[in-house]
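Working notes for the structure below.
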């Protein structure tokens, strides 16, 4: 076991805050319409250029263990904001740094950290209520486009394409993003489906940055029962390996030896594979698997009809252009099912809806109908170079997530204005002691930081702008950093999803509270000299089954 380095009190917190400052300084430059780009060296290929706060945060690891602990805590705030709301990562970073740094000064001055935290929690909950009150539902395509434009750093085309995609497949519809083979940026609606089952093992992940498994042009095996032993599947697995195409297995479950064997072969590169549980339960599960079979032009392997895994050939497997599997969902894009068969299945489901008397059954049938007939909108992002395409694709994905958040919880005035005006409600809060009051005042000051940073990135004085905005009673009155003018933010179309604002504040306060209440820090002591990794021999040939290992 490695020896540990232990630090206590203000020294530990101060070093953690140095790490927080390093990460926050790199991330904060991306905030707002005039935020700057950050260039990140990649382990291979061209450097990555991004204006996405969470991408910058994820790329940072510090050599000093204690500083790195602080940086990783701050990174967790940005990552959580991105996961929950898809945007607000830079705002979360700026807020967390302000709360942690000023909070630590108060602790050093003798304030009780637990009472400071209580004051902060009360203030944050009050601001969240103010954000909820200020929130306004969005309905029009124009408003959806505005959210997409803001979240993609002012790219109007991205906002308009997202709005068009939502119009095509509905606000709850499935929308995916992929790289185009040319310069254009298009929306295409294809046959596809999403269901709420994720990968059975994280070892199936192919894109570790986004933690998703991406299978291009895969075969799809649909098996009605549980898979616990792969022996009956060896002939079909061998055929898939020979074809050099990936395989998606959808079954009631894949467990024990079968799952372990698939994982081993996936890691060794013998078989590009992923496995997910089938959606639904009981008879409904079988019906949904039959829907997937029709959508992908495959067969549901069911023993009730005398079908056995040993006899399955490639002809029985479904096909799709692409499958993307996250921790919670599977999206099948452009299944190769026959249009006529899909239409017949849709009519069959519609007749079941008309016949059923159960509200529950009707709801579940309507869900199946929507999945089968709704299709998938694909946003195809093009550009002149690979670097440009990847950077724009990142922005499209962020904007899409933020737009979904806006549809879910509504929008508020953007540009940091909502948090700034909400902070004024904190001045009337009554608390038990001066330490809790200091916690409230800490939040009031920190809520000025996002708008200050937006303004400073645009080359103006943030403090002056904040002072002017606070003189106004209108809560939508703000500063348009793009045109350098004071405007009504809602009328000007400068809006943020309420969910993004809420999540950024919650995650920032959570991380800052952890830092100011930390008294002891334990990390691995750095080694005097690094031991070189022993050279490994080649993997050697994996006998049998074309490189597979069973």
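Residue positions begin at 1 at the first shown residue.
Cβ coordinates are placed from backbone N, Cα and C, and glycine is handled just like the others.
Residues or ranges marked as ATP binding site by Swiss-Prot: 30, 31, 32, 33, 51, 87, 88, 89, 90, 91, 415, 496. Listed in sequence order, 27, 28, 30, 31, 35, 53, 78 are the same-chain residues six or more apart from residue 90 (ATP binding site) with CB atoms under 8 A from its CB.
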Next item on the list: Would you mind listing, in sequence order, the residues at least six apart from residue 415 (ATP binding site) in the same chain with a Cβ closer than 8 Å to its Cβ?
Entry: 32, 451, 454, 478, 479, 480, 481, 489, 494, 496
Next item on the list: Can you tell me how spread out the ATP site is, meaning the largest CA to CA distance among 30, 31, 32, 33, 51, 87, 88, 89, 90, 91, 415, 496, in Å?
Entry: 17
Check: So for residue 51 (ATP binding site), how many other CB atoms are inside 10 Å of its CB?
Finding: 22
Next item on the list: For residue 30 (ATP binding site), list the number of other Cβ atoms lying within 10 Å of its Cβ atom.
Entry: 24
Note to self: For residue 90 (ATP binding site), which of the three DSSP-derived states applies: helix, strand, or coil?
What the structure shows: helix
